[in-house]
Every structure is written in C-alpha cells, then in structure tokens.
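**Student:** According to TrEMBL, the feature transmembrane segment maps to 7-30, 36-56, 77-98, 110-132, 144-161, 238-257. TrEMBL lists 112-205 with the feature domain 'CAAX prenyl protease 2/Lysostaphin resistance protein A-like'.
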Amino acid sequence: MKTKFMQILAALILPISFIIILIILNAVPITSISKYGLGGLLMTVIALLLTYITVIRDKTTFKKIGFQLDRKTPSRFIIGFLIGFVITALMLALSISFSSLEISYNSKSSIQTVLLWLLAFFPLAYMEEIIFRGYAFTKINNKFGIWPAQILLALLFTWYHDFTGASFLNQLLGPGIWAFIYGIAAIWSKGIALPTGLHMAINVILALVGQKDERHAIWNLEFPTDITPSLRTQTENIGLFMQLFVLIIAIILTEYYRRNKLKIDKELN
C-alpha cells in the first residue's frame, strides 16, 4: 500500500509542482503578463520544461506519454476541435432555448482582433493537456488503471482552476467534469492532440459569447435585467443538468474502456 501511494505521489509531483508555480506567479503583480498572452506562452514553456525534466529523470520517452508527433497529429487535433465545437455549440443552444439567457451581438467587437485573440487558446489548451493528460495521467493509468488516473487528475485540474476565485465545488462541476472527457479522449486517441483540439474548441466557443473575456466577445450571453430569482435558479439548474449529463457520459466511456481493456488483457494472457 505504501509503495503504491509513493508511486502515485511521485507521478503527481509534476502537476502539483506546476500548480504551485502558477499560484506563485499569479500572486506577482505584473499586469503586462496575461494568461491570454505572454502568460499563456510562459506557462506552456514551463509545462514543457517540467515534463522534459520528469521524463529524463524517469528514463522514459515523450512518445510513451502521448507526445508523439506524426502525420496523423493534425487530423486528430482537427477532429477533436470539431467534436468540441459541436458539443459546446449544442449545449449553448440548449441553454438559450430552455432558459432565461439571452444572446446579443457585441457592436464593439472587431473580427480581426477576436480571431487573433482566439489563437491564444491553443497554447493554453496545449499547456493544460501537457500537465494533466501527459506524464502523470499516463503513468498512473498504466500502473493503477484508468479510474485512479481520471479521478486524481480531475481533482488536480479542479484545484488548478480554483485560484481564479470561483468555489471549488463550482470548478469541480465545470472543469472537473470535463477533465474526465479530456482523459478518455487522450487514452482512446493515444495522445494529447485530440483532447487539445477538443479543449481549445470549448474555450473558443465560450470566449465568443463573453464567458472568457467580454472585451473580445462577438456576442454577449447574459440574463435580462428584469429576471426573477426563480428564473435565474431555473437557468442555473439547466446548466447543472447538462454538466451532470456530460459526467454520466464520461463515466460510461471510462468504465467501458476499463472493461474492454480487461477483456483484451485476458485474451492476450
């Protein structure tokens, strides 16, 4: 038991160290470094550097942790992006159709500025997949199975988002749930290209409707000024229901993968 705990802890040192570094940098009052600009690039470099050090120390390779660059990498990224785009657009459409949310055009937006700004979500998504679906995730999955990997990295992914100010529970019901989707996408596609595309698409859609930074949104998603508390609660419940539905899908896919892998392993033995 102690040996297993130490092995898991050793694998988690990478994402934990990254989160601690991020918290320290976030406490430094440097207004010129934004997570959508230099900050995102800086954290991506740090993520790659930490992963490189860990891979060398563990005497493994980038290929073994899903960092294989081949001719199918671009297509995997595009497929992931399209899947994420469709899923998020559908969830957004359902939210608007069955709730009090309203969407309106932002007349102050500039298409050129928005398109340039949206590119910032690639290094952000890539950085998060490097840390949370890379070395630690692969190591724990290979040694202890998919469920420990999914749960532990989802909790760390939630903690990583927690410093933004939202409660841990809210982050658990948001990024924490989607971490399971990214995880199963990484395992099934045998790499991080597909989940990076999926991750980026979700952030892009949210950014377009002002859920990332209203300054660069093409549309604004907001409640009407005369909304009642009961309607606001109803809208929030619709969002919660969709998130829980995503979680159920993630649980089904994860368990299906676990059982299918057990079946294949038995046949090989």
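Heads up, the Cβ atoms here are built off N, Cα and C, so glycines get one too.
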**Student:** Can you tell me which recorded stretch out of 36-56, 144-161, 238-257 has the most Cβ pairs within less than 8 Å of the transmembrane segment (77-98)?
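**Tutor:** Top-ranked stretch among 36-56, 144-161, 238-257: 238-257.
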**Student:** For the transmembrane segment (36-56), which stretch among 7-30, 110-132, 144-161, 238-257 has the most Cβ pairs under 8 A?
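**Tutor:** Looking only at 7-30, 110-132, 144-161, 238-257, the most contacts with the transmembrane segment (36-56) come from 110-132.
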**Student:** Using DSSP, how many residues in the domain 'CAAX prenyl protease 2/Lysostaphin resistance protein A-like' (112-205) fall into helix, strand and coil?
**Tutor:** 80 helix, 0 strand, 14 coil
